[in-house]
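Novice: My questions will all concern the structure given below.
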Amino acid sequence: MVWMFKKLKGEHKRDHLNQGITLEEASLGTPCVICHNVTDPLLKSFGFREGKTITIRALGVCNGPIVCEISGHCVAIDRKTAKKINIMVNGCTK
Amino acid sequence: MSKQTILLIGPPNVGKSVIFNYLTGKNSDCANYVGTTVEYTVGDIMVGGQEYQLIDVPGTYTLEATNEAEQIAVDLLYGRGSISHSNGCHSKQQSKTEVNVAQVPKAIIVVLDAQNLERSLFLLNQIQAHQIPVIALLNRIDLLEKKGESIDVNKLMDKIKIPVIPSVAVEKEGLERVKEQLRTTVEQEPLGHDCLGGGKITEEEAWHRVEKITSEIKSKRESSVQQKETLGDKMIKPWPGIPLCLLILGLVFAFVVGVGMGLRQYILLPLFREILIPALVFIAEQIIPEGLFLQVLIGEYGLLVKGLEWPFTLVFPYVISFYIAFTIMEDSGYLPRLAVLLDGIFNKMGLPGSSIIPFLLGYGCGVPAIMASRSLSSYKERLIVTSLISLAIPCVAQSGALIFLLGERSLFVLVAVFAISLLVLVGAGMLLAKFIPGAFPSTIVEIPDLLPPKKDIIFRKVFIRMKEYIVDGAVPMMKIIAIASVVYETGVMNYISSFMRPLVTQWLQLPVEASTPLLLGVFRRELTVVPMIEMDLTLVQLFTGAVISLFYVPCIAIVATITREFNWKVALGILVVTILTAFLIGGIVARFGNMFVNVML
């Protein structure tokens, strides 16, 4: 029950993973920076570009989408796509 | 000679259809979610004494199309669109308009989203590379200002070197300047360079430049989180989003049933049963001699009796209540939130959460719902959504008839019918996802702001949809009832029914006269239900009949739409599957229902 509640809040993610991780592994509410250029034109249009700050706002149930805030807007992306986006909590080294 | 065209292009959900309606005086559909426009819409516009055709193009984020609707936008820009466009529900008034879309447009109005300026400028830059005169409309500046931000329009014009008109389309602000500006733009030669200053640059450099322009012209006063944004955020989180979703859907169901029943009971039924129908029957009896013609008008299936009563007192009240509720949901921006909440569950059916929009539209009418599936990104997703809409989603007319048929006898049976519909929907979806080849759905959806719906827009949209129901729903229903009346009065119906007797009486355990709705249901979904109201059926028989009608053949209009959107093989396949499912589940329900009743007694 406690685990489910933590999962709903995204607290089950381990904090140490927040260094050089994918968006799928990021913690709820922590601002991160996108570290590389994605190739999908739709994602680029939504602001998923190198150097942009992104914050996870919600995690969907049943392995549902990750809702992110980027450039002041909310975008939901599936976890498979989120796995392809590399982020860093303290900014990119590039 | 065909008129020259002007395109209206922009990202989805930026207000293009509202601008189109203002400039052409048409009533194209618009809502607060991505993909409202899935086909192009044409209207006439006078610019400097010359008539042009304005084309409202499906929204696209970039010129690298990611779905069928966006591909239409790109094709129109290149002047390689198909000559005649489809007759959809998007804007029925112009469905027959001839337009030459195989020509390069004379000018383009690019609608920029003030809230998403970077991507709007990137799209503008891609469009300008085509060397067509362009004007830009900077829309939704009111929403930007509410967030404490502003854009220096003069500076923007200076940077991109084309006219920019700031606007708030829903309030009609700034739109009067568009025609005026178009007059000079259509006479101009194209700029000869893109808005980022010309020269060949890479895509990365283009993004870098739009980011730079945006940072230079945009300023933020102070950030202020508003109440509606907080509620919008809450609605996409599992907690409290899911309980809120159940509450909202429950309220919508109660509203549709309650308000529909009230309208029927206190307004439409007294009006038709006590005033209109008796008056018409009296007049018919006075002027038409006894015989077949009079019977066709006022007999068992009389055109002046059932032909008015069924479409206007049984179905119409629920059409009104459903579309009021649906319009409020679609205009507030709640539907994309629902799509995100249900995405994980929908993935199990091989679908993205955004399929909820065609599904909900299907509870209104299957035709626009199947067309709305164009905004989905793969053929597999479109085919699954279309099959499920045809199989297990009752249209508003059919739902209204079901509510009336069952609601007054047993609310439990009514809920059970909709529960079976939902179970079959999920089961069939999971099966189809397994057997139809294709990639797993991906979800990349922008969630619009949660906005309070505007009263005047709700009234206008509900009025348009009521008109559409009368023209495309009630009138065809009256025609079928007239045919049924002739077939019934001449005894042909009894003859045909005798062929269906074994199926109806033995397998489905219904009285032989239940063959009539099965015959009529081929033409209109609700006519599978409505004639059962007149029969003296037991509760189990009502349940069986309702379940059969739920899964029985989709109406002729839906079959025609599937043929047009896919091909005749898909339409035939869906037809066979729906008939077999209806009779299979109907027979099982009849047996289990009777067994249950026997045990209880």
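Note that Cβ sites are derived from N, Cα and C of the backbone, with glycine treated the same way.
TrEMBL lists B:3-188 with the feature domain 'FeoB-type G'. What TrEMBL records for B:244-263, B:275-298, B:310-329, B:349-371, B:383-405, B:411-433, B:539-563, B:570-592 is transmembrane segment.
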Novice: With pairs restricted to those 6 or more apart in sequence, evaluate whether the transmembrane segment (B:383-405) and the transmembrane segment (B:275-298) have 3+ C-beta pairs under 8 Å.
Specialist: no
Novice: For the transmembrane segment (B:244-263) and the transmembrane segment (B:411-433), check the count of CB pairs under 8 Å (sequence separation 6 or more) and say whether it reaches 3 or more.
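Specialist: Since fewer than 3 Cβ pairs under 8 Å link them, the transmembrane segment (B:244-263) and the transmembrane segment (B:411-433) do not come into contact.
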Novice: The transmembrane segment (B:411-433): which same-chain residues, six or more beyond its ends, come within Cβ distance under 8 Å?
Specialist: 348-351, 383-384, 387-388, 391-394, 402-403, 539, 542-543, 546-547, 550-551, 581, 585, 589
Novice: Which residues, given as numbers and ranges, are at least 6 beyond the ends of the transmembrane segment (B:310-329) yet have a Cβ under 8 Å from it?
Specialist: 248, 252, 255-264, 267-269, 272-273, 335, 338, 360-361, 363-364, 396-397, 399-401, 403-404, 453, 457-458, 461-462, 465-466, 469, 473-474, 477-478, 481, 526-527, 530, 533
Novice: Please work out the mean pLDDT for the residues of the domain 'FeoB-type G' (B:3-188).
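Specialist: Across the domain 'FeoB-type G' (B:3-188), the average pLDDT comes out at 81.
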